[in-house]
Structures are given as C-alpha cells and as structure tokens.
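Engineer: This is the structure, below, for whatever I ask next.
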Amino acid sequence: MNNILFVALGGSIGAVFRYLLSIFMLQLFGSAFPFGTLLVNVIGSFLMGTIYALGQVSQVSPEIKALVGVGLLGALTTFSTFSNETLLLIQSGAWIKAFFNIALNLCLCIFMVYLGQQLVFSRI
C-alpha cells in the first residue's frame with residue numbers, strides 16, 4: 001500500500017511539472033511545433049536513464065522507484081520508459097527487436113491517435 005501512495009505522489013508532481021513545462025514552451029515558441037511534448041519526453045528519458053543507472057550501481061529503494069520511476073515519470077511521460085526499454089534491447093544486441101519496438105510504438109501510437117480522433121469526429 002505504501003508504494004501506491006508514492007506512485008500517487010510522484011504522479012501528481014509529474015503531471016504538474018508536465019503542464020508547467022508545456023505552458024512555458026508554448027509561450028516561448030508558440031504552437032508551430034510541439035516543443036513542450038518534446039521537452040518533457042527528453043527530460044523524462046534522461047531521468048529514466050538516471051534512475052535506471054542508479055539502480056544498477058547502488059541500492060535504490062522500492063519507494064524511490066515507485067515515486068520517481070512509475071509516478072513522476074509515468075505522469076510526465078511514458079516515452080521515458082519506451083526509450084529505456086529500446087536502449088536495453090540495443091545494449092543487449094537485440095537490434096531487430098529494438099527496431100520493431102521503435103517502429104511499432106511510433107506507427108501504432110500515431111494510428112491510435114488518428115483512430116481516436118476519427119471515433120470522436122464521426123460522432124459529432
């Protein structure tokens with residue numbers, strides 16, 4: 001039960017952080033390119049790499065993993081998890097799996113956004 005509270009706390013922090021960064025980038029660069037999303041994905045990927053590496057070289061408590069890895073980064077972006085998993089595939093020599101992971105994530109996610117939009121727009 002404790003870990004659930006850590007996930008919830010991290011999630012609320014990550015969601016607020018994402019919102020504030022997105023607003024900041026929108027004000028700074030306008031809406032011609034999704035710089036806010038790019039920024040949170042890049043930051044989230046960096047933080048995921050940091051947390052993963054810290055867990056490899058030292059003891060990271062389950063509470064910290066829940067707070068930062070699942071909660072904060074989960075709310076900030078799931079792209080960090082995707083990036084970490086892809087890098088692990090590459091580092092293990094599974095280049096073909098890494099390629100398919102990249103291709104499937106990009107293609108399927110873009111398609112699902114399209115599908116979701118079409119579902120909504122077709123009902124309006």
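Each residue's number is its place along the chain shown, starting with 1.
Positions of Cβ are set from backbone N, Cα and C atoms, glycine also.
Reproduced below are the annotations present in Swiss-Prot:
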- Gly74, Thr77: Na(+) binding site (BINDING)
- 5-27: transmembrane segment (TRANSMEM)
- 70-90: transmembrane segment (TRANSMEM)
- 95-115: transmembrane segment (TRANSMEM)
Engineer: Which one, from the binding-site residues Gly74, Thr77, has the smallest tally of other C-beta atoms lying within 10 Å of its C-beta?
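Structural biologist: Fewest other Cβ atoms within 10 Å, among the binding-site residues Gly74, Thr77, is found for Gly74.
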Engineer: Which residues of the chain, 6 or more past the ends of the transmembrane segment (70-90), have a CB below 8 A from one of its CBs?
Structural biologist: 6-15, 17-18, 40-41, 43-49, 51-52, 97-98, 101-102, 105
Engineer: In terms of DSSP three-state secondary structure, what is the assignment for Gly74 (Na(+) binding site)?
Structural biologist: helix
